[in-house]
Amino acid sequence: MAEITVTIDTDQQKQAISDSFAKLDPQYLVKNPVLFVVELGTIIGLVMTIAPGLFGATGSRVYYAVITVLLGFTVIFANYAEAYAELEGEAQADSLRALQTEAEGKLLQNDDVDIEDISEDDYEVVASTEIEQDAVVFVDEGDIIPRDGTVVEGSASVDESAITGESEPVIRQSGGDRTSVVGGTEVLSDRIKVEVTSEEGESFLDQMIGLVEDAQRQKTPNEIAMTILLSGLTLVFVVAVATMFFFGEYLASFVGGFAGLDVAELVALLVALMPTTIGALLAAIRVAGMTRVTRRNVIAKSGRAVEAAGDLDALILDKTGTITTGERVAQDFHPLGDADDADVVRASYQSSLYDETTEGRSIVKLAEKMNGKVQTDGGQSASEELDEPGDSVDAPRDVSVTLDAEGLSESNFVPFSAETRMSGIDLSDGTEIRKGAVDAVEEYATTVPGKLRQKSNAISESGGTPLAIAVDGQVVGIIELQDELKPGIADRIAEIQKMGVETIMATGDNQRTARWVADQVGIDEFHAEFDPEEKIELVEDIQDDGKLVGMTGDGTNDAPALAKADVGLAMNAGTNAAKEAGNMVDLDSNPSKIIEVVGIGKQLLMTRGSLTTFSVANDVAKYFVLLPAILAAAIPGLGAMDILNLSTPASAVTATLMYNAFIIPLLIPLALRGVDYKAQSGAQLLRKNLIVYGGGGLIAPFIFIKAIDMLFVALGVFQ
């Protein structure tokens, strides 16, 4: 499935601005104590602008008006960050809604009629909105499935590309784990009877849309904890600044010419000291993290799941579909007995030229790579249209052999059968070539080299699959097949290990195959001959050690483990039980996607931590700017702290508030995009965080505040 696209147009930009003002409602802002206090400060500034002498102030109306406007902009910019992020979330929900298709359904009048005997007299064509839950509909070739349901009779090839993005159709049939169908998908062949399982407005897509919208609104546990921390800091600063007011009154009683501290300037100091930057961006960071997950076509049921992905200690991976493609491809040819390389390559090529299986196509591809391209009767390379699996095959060596494809079209291709466990070709000259499982070919052949078993066992021990090849009853060699590793999977596993996540492979394959795959990609730990039911025990064992664990699954038997795991990524192509149990659903049904999800979770936590560090460092810098400016008149010794040598106290206050307000919109793109994240250890990330965002947070205010003060001097403002 193509990535869910999100586009914010001009109208939505205007909507975000409008929402920024709507969020000024105190009943809404009280949920964010930091911004609520800033809004109260704005109100105090407005009162002092209207009545400057109310608190015994000595500043001008213009000065107080400037302070009030800057405080107001601080709140508005913070609201805009949240509103813009929320619009991105809404745009994602709209993208999912665009996948919904209005369709008509053939509502059966009699559910008992045999599917092969259904005619137009047996059903009524009605709108999908009129079909009730538990009703049975008939879906013929070329029809759109009107509603989500379960196949109760028949089997059909279904195009689910609108939902999954997979162009390859899937088989849906009654019985087993492949009975679930989704409304809006198309039946390409055959016919099925479907029992509707959802009410109107409760389809799979409706649920996904609801999950996206709900997840955007819900605060995550870490965000709640951060809000509590910021609230505590805000309370401390409110008490400290309020105490300073009375301290100023005390100083005024014996310091000549000092009339006390200006309330508006104290409000400015309070706002500058509070963690307004991270308080303003917290919601935007959360929503943006959810947005990045959804853009990967993963639906997270809550922000908790995304955060948990960033905190994972262990990741359980399936072999097939996650680490390997699930396809076996030819890796080498091994001659036996009196045969040589050329004999084995030629026989393997001829027996596989019309074999449409992945293994057959990869054998042709490997033979051609070892000997150069071969021209068929039609003048086209026999492997020209091979699929991706064959493309990854590398020739182990060069073999001089004539691969004559001419005349093979007149030969008789023998397809694979479960009974013989072999396939092959009968050439027009009477030659019989067979390839297949070693024991099957061994039983078929009349001449078997003594090293057949030894060589086949060696291939099996290396994680491969041996196919024996025989010509006229004589075994001439072995074709070595290997599970095809997903491109770049070793690098991705190494990357996730750098994040401090332990990788564990659980597979039903034998020990030899499991060990070979684990060694190839660098898995930390593997479990072979593993039943899906055992996964929940593995999850519980890891959690008993105090670790967070993630896994993927698609079957009903995966559901308990998916529900138990801290991060359970269910495949959209899987069963309803799996999708309900997991806290994430991958619309692309790509198990290796969980590695990306872990990276997104890490980036979310990294972004929040980095901007928190930057915000706190900002506050420290602003403290050294404002405190000497406000108290220098009463305590001249504080002038030594004025390291920027700002022109006037009014200029210092105004420049600081300008920086405090405008740094928020400047950081919105970073909050939405996320900080650049590379897989590193926790110690390396902490060091980088402190240097880049801690150091940057200390230096940036000094640079910008001094620049603004110099601009004021040049313009003659506050002089």
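Cβ coordinates come from backbone N, Cα and C, glycine included.
Just so it is clear, the model here is predicted, and its values are computed rather than measured.
Of the residues proposed, Lys365, Lys369, Lys435, the one Swiss-Prot records at the same ATP site as Asp355, Glu359, Phe416, Ser417, Ala418, Glu419, Thr420, Arg421, Met422, Ser423 is Lys435. Just so you know, of the binding-site residues Ala418, Met422, the Cβ with the fewest other Cβ atoms around it within 10 Å is the one at Ala418. If you measure from the Cα atom of Lys435 (ATP binding site) to that of Asp318 (active site, 4-aspartylphosphate intermediate), you get 30 Å. Of the Cβ pairs linking the transmembrane segment (62-82) with the transmembrane segment (35-55) and spaced 6 or more residues apart, 3 or more are under 8 Å, so the two regions touch. A Cβ distance under 8 Å defines the sequence-distant neighbours of the transmembrane segment (228-248), meaning residues of its chain 6+ beyond its ends; these are 33-34, 37, 260-261, 263, 266-267, 269-270, 273-275, 278-279, 282, 634.
Note on proximity: of the recorded positions Asp318, Phe416, Thr420, Met422, the one nearest Asp558 (Mg(2+) binding site) is Asp318, by Cα distance. Residue density at Lys435 (ATP binding site): 28 other Cβ atoms are found within 10 A of its Cβ, drawing on all protein chains shown.
Spacing of Thr420 (ATP binding site) relative to Asp318 (active site, 4-aspartylphosphate intermediate) is 31 Å (Cα to Cα, whole number).
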